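Okay, so here's the structure we're looking at.
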Amino acid sequence: MEQKNYLKNPKILFSLLAVLVITVLLFPEEGKFKYSYQKGRPWVYETLMSPIDFPILKTQQELLEEREEKASQVIPYFEYDNTVANTQVKRLKGLQSRNGINEHVLYYVIESLYNMYSVGILPEMSEDISTVGTIVVQRDKRAQEVPVSEVYTPRKAESYMKYYLSVSFPNYDADSLYSQYGLSEYIVPNLVYDQSRTDLFHKEAVDYISPTKGMVYAGQLIVSEGEIVTAEIEQLLDSFKKEYEMTYGYADSPIGVGTGHFIICLLIIASLYAVVYFTNRSILDAVKPFYFVLTLYVLIFVLTVVIRNMEADYLYLVPYSVFAIYLSVFFKHKYVFPVYTIMLLPLIFQPEIGVELFFMNLTGGIIAIISFKYFNKGWLQFLNSLFIFVGMSLIYVAFLLSGDGTLSLFNARSEFRLAVNSLLVIAAYPVVFIFERIFSLVSHSRLVDLSDTNNKLLRELAQKAPGTFQHSLQVSNLAFEAAREIGADMILARVGALYHDIGKMNNPQCFVENAPAGVNYHKGLSPEESAMQIIRHVDDGVEIARRHKLPDVVTAFIRTHHARTLTFYFYAQYCNAGGDPENKEPFMYHGDLPKTKEQVIVLMADAVEAASRSLKDYSTESISALVDSIISKRLSDSQLVEADISIKEVETVKRMFKERLEQVYHERIAYPTIKKA
């Protein structure tokens, strides 16, 4: 078969370039950390000295403990009231004018009040806050944490004033002075408790906890060669890795990192193209199926990047296995596995869990490809989810065991995400019908619907051209059996055979199988005119298929079922009437050469079934000679040069045709008549 350079097709080339540009632009910009390590194992690289300053991150356990500690501590929030001090001093001076308080005593009392009010006096309800240790005081729109020991409670304020009076007037009894002038009335709280701000301040304190606990400076040792990675060293390495991937990894050499990303994306896309080229070139011939493959790859890439930017662990939720099912719905399994494997390669480049994700979803995809073939209807689809979940869980456990030999790092949350992942495979499956419409693909279920002879188009064929309909049924039976013999798509071959002659509906009387006895449509027509009427049923069929929105893969059978053969009956008439044998053009079909096994099978089954009706002798030898003659003629006329079928498979199809035709045209016993007495 002639090798075709599909990259010369601008549609294919531009689509590949578009995917390359999209993936390069979406590729995460940070550099990839080049060290791999695990707690309890030796450091296998050279001694690592920090090339940068970076903060030491707290562990999840440390953050949790600090958060719990913050949650248990409630720091009260108070607002400082500037008016209280002046109000109480004014009241006290009014009392002095009425009761004649000693001015010297009044001076020291006022001074003590200002001293206490300037610091702050708490209300009675806060007598028990001494256990808190700290309060927040807002003064002049500025909030500040203040130790409880530095502010006054009413009781502490009373003690302070008595002490102040005793020091100022040693000859007087401080308690008597305090009681005589009723000074307790002037000790009023000027710190007002704010419940709403206390709650808000507490929430902010719990929500904001510093994620770091120290610094490592450039040139400082992180880990020595051969040293066992302890929990402390692991935390240092985790902190260094985080800082490296966020800033240093990309900023150090952006051109180098970008070039590396470009090469990776280019190699993956080139691999995807190569796999399609060497396994199933019909995908490239039709172009739209190739668009479908590229679209799935871009979807996988975009999903991976977007979800990874949200939270890397959420990648466990992505049902990558459904992409394997999408492929298997439209393509044979032997093509699906290598294509799906290439599509998953972007997962490998995810930090920490990339390799694990790749093998996990590769296993899930393989299971999906196999199990979906048998469990694809109703509740049986949940068996697919179960099998996928078990397979992915085994890979998850295998990676845990390969780490430290134990399941100490087993995460129930990750296992739950895998369970959700396997259920999402079922939920995401209906999207396949959208792909079917967009890319003009045909799923197995659609082919089954098209093979129903009670559908509108085939009923119309049966009514308008009953002979052609019966011929199509026989061809479909032959094609189905032949496809089964050589491992081709049986349903597709059957459907192609059922619709290959629908163009005859436009002029059914032109074809002998539909003409009433004694009626010859071609009487009075020249051989060229008759040939033209016969040949046009191909174009008519394509137009009918377009009007009824038949899939392209079915329409292809209409175009290829005569390939570029001659209407030999009328060509022979033309030659026998003295026509130029070299003038074959008016008698030649201008269809496409068959490319797939299914198209070849229908072409041969159509010719064999039609010719078999003209046999006068249905012996084994006669049928064998007919089949050999017709198929050999197709081979010698180069009608199969573009077909993806081997000589061995052609021979298998020939053998099957002979067996089936012998069964159809077996000799029948003549029933005896009853002799009259």
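Keep in mind that glycine also has a Cβ here, set from the backbone N, Cα and C atoms.
Note that this is a predicted model, so its numbers are computed, not measured.
Per TrEMBL, the features are as follows:
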DOMAIN    468-611  domain 'HD'
TRANSMEM  12-28  transmembrane segment
TRANSMEM  255-278  transmembrane segment
TRANSMEM  290-307  transmembrane segment
TRANSMEM  314-333  transmembrane segment
TRANSMEM  353-375  transmembrane segment
TRANSMEM  382-401  transmembrane segment
TRANSMEM  416-435  transmembrane segment
(request) Please give the sequence-distant neighbours of the transmembrane segment (314-333): residues at least 6 beyond its ends with Cβ less than 8 Å from one of its Cβ atoms. (result) 280, 283, 289, 292-293, 296, 299-300, 303-304, 307-308, 339-340, 343-344, 347, 350, 353, 357, 361, 364-370, 372-373, 388, 414, 417-418, 420-422, 424-425, 427-429, 431-432, 435-436, 441-444, 489
(request) List the helix, strand and coil residue totals of the domain 'HD' (468-611) as derived from DSSP. (result) 94 helix, 2 strand, 48 coil
(request) Check the domain 'HD' (468-611) for me and report the mean pLDDT. (result) 91
